[in-house]
Amino acid sequence: MDSALSDPHNGSAEAGGAANGTARPPSTPEGIALAYGSLLLMALLPIFFGALRSVRCARGKNASDMPETITSRDAARFPIIASCTLLGLYLFFKIFSQEYINLLLSMYFFVLGILALSHTISPFMNKFFPANFPNRQYQLLFTQGSGENKEEIINYEFDAKDLVCLGLSSIVGVWYLLRKHWIANNLFGLAFSLNGVELLHLNNVSTGCILLGGLFIYDVFWVFGTNVMVTVAKSFEAPIKLVFPQDLLEKGLEADNFAMLGLGDIVIPGIFIALLLRFDISLKKNTHTYFYTSFAAYIFGLGLTIFIMHIFKHAQPALLYLVPACIGFPVLVALAKGEVTEMFSYESSAEILPHTPRLTHFPTVSGSPASLADSMQQKLAGPRRRRPQNPSAM
């Protein structure tokens with residue numbers, strides 16, 4: 001959840017000073033502008049496309065399309081859990097060898113990054129496959145127990161197109177694992193951000209306010225109150241942040257003086273903006289007023305973060321500026337339009353498979369839409385036989 005943007009005059013927030021202990025030369029104004037502009041653009045892309053995909057995700061007909069819904073209780077606990085995790089990582093880096101910890105984390109994010117990137121590019125890649133492509137089906141099944149006590153641990157169906165996407169993503173994964181190149185880092189970071197905005201859904205606006213409010217305090221405390229977050233951000237070699245070199249114009253792709261933005265400052269406001277897009281659609285007015293308002297508010301908040309950081313030459317907690325903007329602007333619009341009641345009474349989760357009981361447990365490894373839909377249908381077969389439903393209601 002780090003939100004530090006590096007000080008362009010003190011070198012990279014990720015790499016610190018030069019290896020020989022001397023200070024880096026100041027970045028040029030053009031390099032700084034390019035770095036900040038690129039970070040802003042990279043932050044907007046997963047929010048915009050993730051919000052659009054979250055609408056299709058909420059309207060999905062299959063069980064595997066169902067997103068993870070964040071309730072008010074989850075939102076209230078999240079800053080506490082995040083604080084414990086952040087402090088734990090800080091202590092780990094202080095006690096144990098940073099090299100071995102980052103090696104373990106690199107392997108973990110290598111696997112997660114490949115899966116996330118494959119899921120991200122799959123809809124785009126499908127357009128490039130020819131109509132006669134031999135799209136064979138495969139299934140990976142792993143069970144525990146036997147007979148009536150048999151329980152599915154993994155039931156994953158995929159096809160040849162999925163394998164192609166997985167292969168392309170694996171190339172990026174190997175590149176990241178071997179070189180830790182900033183472009184590979186950003187590809188994984190963008191994939192994580194887009195998947196987060198798409199698959200993590202707030203159930204209502206009140207929950208969003210609780211989550212953003214709690215993380216507002218969390219971000220301010222850990223950036224301004226201690227050096228914990230900045231230390232972890234510098235030490236943590238994993239694609240949990242977007243980076244862009246301020247010396248790209250001088251050194252090209254081998255540049256190493258980075259500005260950075262934590263993925264939490266993209267995903268957390270992003271899931272709130274995606275909620276407002278679904279609220280816009282629920283109003284059935286063919287306008288996306290609240291979505292565009294919150295999107296503009298995010299641009300304003302992140303731009304203000306960059307400006308303040310540049311003026312004071314210190315890493316800034318981006319949520320300090322993003323949270324008031326992303327909540328305040330849409331609420332003001334709702335007040336002006338007299339739709340405050342509708343906004344806070346909207347329940348996003350009610351639109352997810354409205355005639356089917358919602359899942360309360362999400363499998364660790366999701367299967368294909370067909371396999372999970374069949375599994376859910378079998379679980380619900382008993383109640384449906386006992387309580388026949390009118391076919392027209394389905």
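Going from the start of the chain as shown, residues are counted 1 onward.
In case you wondered, yes, glycine gets a Cβ from its N, Cα and C as well.
Copied over from TrEMBL:
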- 11-23: compositional bias 'Low complexity' (COMPBIAS)
- 1-25: region 'Disordered' (REGION)
- 33-55: transmembrane segment (TRANSMEM)
- 75-93: transmembrane segment (TRANSMEM)
- 100-121: transmembrane segment (TRANSMEM)
- 199-224: transmembrane segment (TRANSMEM)
- 258-277: transmembrane segment (TRANSMEM)
- 289-312: transmembrane segment (TRANSMEM)
- 318-336: transmembrane segment (TRANSMEM)
Discussion item. With pairs fewer than 6 apart in sequence excluded, do the transmembrane segment (33-55) and the transmembrane segment (318-336) have three or more C-beta pairs that lie under 8 Å?
Written reply: no
Discussion item. Check for me, if you would, whether the transmembrane segment (289-312) reaches the transmembrane segment (33-55) - at least 3 Cβ pairs under 8 Å, residues 6 or more apart in sequence.
Written reply: yes
Fill in: Leading stretch by Cβ pairs under 8 Å, where the reference is the transmembrane segment (33-55) and the options are 75-93, 100-121, 199-224, 258-277
258-277
Worksheet item: In the same chain, which residue numbers or ranges, 6 or more beyond the ends of the transmembrane segment (258-277), come under 8 angstroms Cβ to Cβ?
Response: 1-6, 8, 12-15, 32, 35-36, 39, 42-43, 46-47, 50-52, 54-55, 70, 182, 189, 192-193, 196-198, 200-202, 204-205, 208, 211-212, 215, 233, 240-246, 288, 290-291, 293-295, 298, 301-302, 318-319, 322-323, 326-327, 330, 348
